[in-house]
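Listed in Swiss-Prot for this protein:
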type	residues	note
BINDING	Arg48, Arg54	NADP(+) binding site
BINDING	Arg125, Ser126, Ser127, Asn238, Ala239, Gly278, Lys293, Pro294, Thr295, Ser296, Ser297, Arg319	FMN binding site
Amino acid sequence: MSGNSIGQNFVVTTFGESHGVALGCIIDGCPPGLELNEADMQHDLDRRRPGTSRYTTARREPDEVRVLSGIFEGKTTGTSIGLMIENTDQRSKDYSNIKDLFRPGHADYTYQQKYGLRDYRGGGRSSARETAMRVAAGAVAKKYLKQVHGIEINGFLSQLGPIKAEALDFSQIEQNAFFFPDPSKLDELDEYMRDLKKSGDSVGAKVSVVATGVPVGLGEPVFDRLDADIAHALMGINAVKGVEIGDGFEVVTQKGSEHRDLMSPEGFASNHAGGILGGISSGQPIVAHIAMKPTSSISIPGESITAQGEIAEVVTKGRHDPCVGIRAVPIAEAMLAIVLMDHLLRHRAQNMDVNSQTPTIGMR
C-alpha cells in the first residue's frame with residue numbers, strides 16, 4: 001500500500017533514506033540455484049555510485065553491498081534475498097538551511113503536506129540515493145535473464161541538453177563517463193558540462209535502454225501489459241517526466257503505412273513498436289526512452305516559501321549532479337530488468353505448456 005514494492009512474482013521492496021544509517025532491499029521470488037555473490041551486484045553499483053567523475057555529485061559513497069540472506073555457498077536458495085548498503089558520507093549540515101524551507105521543483109513541499117513532516121537531509125526517502133538498491137536488485141535480475149534466457153539489457157545516454165548522439169557505437173558506452181554511444185561528441189559534452197557547472201545551473205537528459213533476446217509472449221493483458229509495466233517502472237525513477245516505448249511520441253506524425261512493422265517469414269522489417277505489440281513482447285528488441293528533468297538543486301537563487309508560508313529565497317547548497325541523467329543509465333537498466341524478470345516468471349507460471357504452431361520470427 002505504501003508504494004515501496006514492485007512486481008508480482010519477482011518482488012523488490014526497498015527501504016532507507018539518503019542520510020539514514022543504511023539502504024536496503026528484500027528480493028522475493030528469485031529462483032533457487034542461481035550463482036550469485038556481491039561482485040555480481042557491485043559492478044552495476046559502481047556504475048551508478050556518486051563521486052566517480054567530475055560530471056557528477058562530489059558525494060563519495062563506496063556503495064558496497066552486503067548480502068544478509070537468501071544466498072548459501074554462492075547460490076540463491078529460493079528464499080528472500082536481503083541486501084544492505086551503508087551510508088558513509090552524509091553531510092547533513094549542508095541541508096540545515098532548508099529545514100524549514102521548501103526547494104522549488106523538489107518533493108519537500110509535497111512530502112510535508114502528505115505526511116505532516118519530512119526528513120530534509122538530502123531529500124530523505126525522495127532522494128535518488130534510494131535507487132542504489134534498485135540497481136542491486138536489478139543486477140540479480142540481469143544475471144538470471146542473461147544466464148538462463150540469453151536476455152541482455154544495455155542502457156546509454158542518448159541526449160544531454162541540446163547534444164544528441166548521432167552515432168550508436170555500443171562498444172563506446174562503457175568507455176566514457178557519460179555512457180554516451182557517440183565518441184565524436186565527447187569533447188562537446190565535456191565543454192558543455194564545464195560551462196554548466198561554472199554557471200551553477202543544471203540540465204535535463206534522455207536515457208535509452210534496450211533489451212535483446214526477449215522471447216515472444218511476455219505481458220499480461222489488459223492492465224498488466226508489458227509496456228504499461230515498463231512505463232510504470234521507468235516513470236518511478238527520480239526526475240523522470242516522460243517515457244517512450246519504441247518510436248514513442250514520434251508516432252504522432254507517422255502514417256500507418258510508415259509505422260507498422262511489416263512481417264515476412266524472414267522476420268520483422270522494422271521495430272517502430274519497440275518490441276511490444278498489444279502489450280505482449282514480439283521477440284524483437286525492447287526499446288524504451290526516458291526524459292529526465294534538470295535537477296532543481298542549483299546555486300542560482302530562486303523564490304519559494306517557508307514551512308510557515310512566508311516568502312523566502314532559496315540557494316541550494318550541498319553536493320548535487322548537474323545532470324542526473326548520467327548516473328540514471330544503470331538505474332534504467334535495473335528497472336527494465338526487474339519488469340522483464342517478473343513477467344518471465346509470470347509467463348512461465350501460466351503458459352509454460354503452450355506450444356504455438358506458428359513459427360517464431362525475428363528481425364530481418
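Heads up, the Cβ atoms here are built off N, Cα and C, so glycines get one too.
Overlay of Swiss-Prot feature records on the structure.
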residue	record	Cβ contacts under 8 Å, 6 or more apart
Arg48	NADP(+) binding site	Asp63, Thr131, Ala132, Val135, Arg327, Pro330, Ile331
Arg54	NADP(+) binding site	Ala177
Arg125	FMN binding site	Gly16, Glu17, Ser18, Tyr111, Asp119
Ser127	FMN binding site	Glu17, Ser18, Asn238
Ala239	FMN binding site	Ala128, Met292, Lys293, Thr295, Val324, Ala328
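All chains included, 22 other C-beta atoms sit within 10 angstroms of the C-beta of Ser297 (FMN binding site).
Here the binding-site residues are Lys293, Thr295, and the one with the most other Cβ atoms within 10 Å of its Cβ is Thr295.
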